[in-house]
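J.: Let me begin by handing over the structure; questions about it come next.
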Amino acid sequence: MGAGHRRQRRGKNHPAAPADRAGAPGRREVYWQGEPLRRVRDSFHRRLLWLGHQPGIKTRLTARENLHFFHPGDGARLPEALAQAGLAGFEDVPVAQLSAGQQRRVALARLWLTRAALWVLDEPFTAIDVNGVARLTRRMAEHTAQGGMVILTTHQPLPGAAGTLRRLALTGGEAEG
């Protein structure tokens, strides 16, 4: 998959499963920026943002404090990222007091701060309302328009993404599409 593309994976397998099996006999090798991943693993990890199905945030911290942990040099940008994620007014509320959807948005606010080229998102729309899905879809479109890549798993269609979306269905552990 090249820069400027999004890939939607359907199926129950983990988003990184093909990469995990890349070294297995009979499997193709995974490349990053023209080099075998095994040779440039550190560079790859620096350019990767992984957001798993679980939000990966600390409930004792506020939304702002959670973002500051991952982006300590971006303090001035944190309120705007939270606003873009639909959390304006909740910046200093302890995450434990937020709804499941709001907690998910705290994690997803990183998408407005990261400089990573490759985003791997596992079920990013879980517990997110229609407006939140639209915001995230627009953010993914912006990222890919700037040459970034997005790999995501979802059970929901992506509105307005047909032009840059390549779908990949997983059946029996094999990729189709």
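Using the three backbone atoms N, Cα and C, a Cβ is placed for every residue, glycine included.
Per TrEMBL, the features are:
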COMPBIAS  1-13  compositional bias 'Basic residues'
COMPBIAS  15-25  compositional bias 'Low complexity'
DOMAIN    29-125  domain 'ABC transporter'
REGION    1-27  region 'Disordered'
J.: Grab the pLDDT values for the domain 'ABC transporter' (29-125) and give me their mean, rounded.
T.: 95
J.: Could you break down the residues of the domain 'ABC transporter' (29-125) into DSSP helix, strand and coil, giving a count for each?
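T.: Residue counts for the domain 'ABC transporter' (29-125) by secondary structure: 46 helix, 15 strand, 36 coil.
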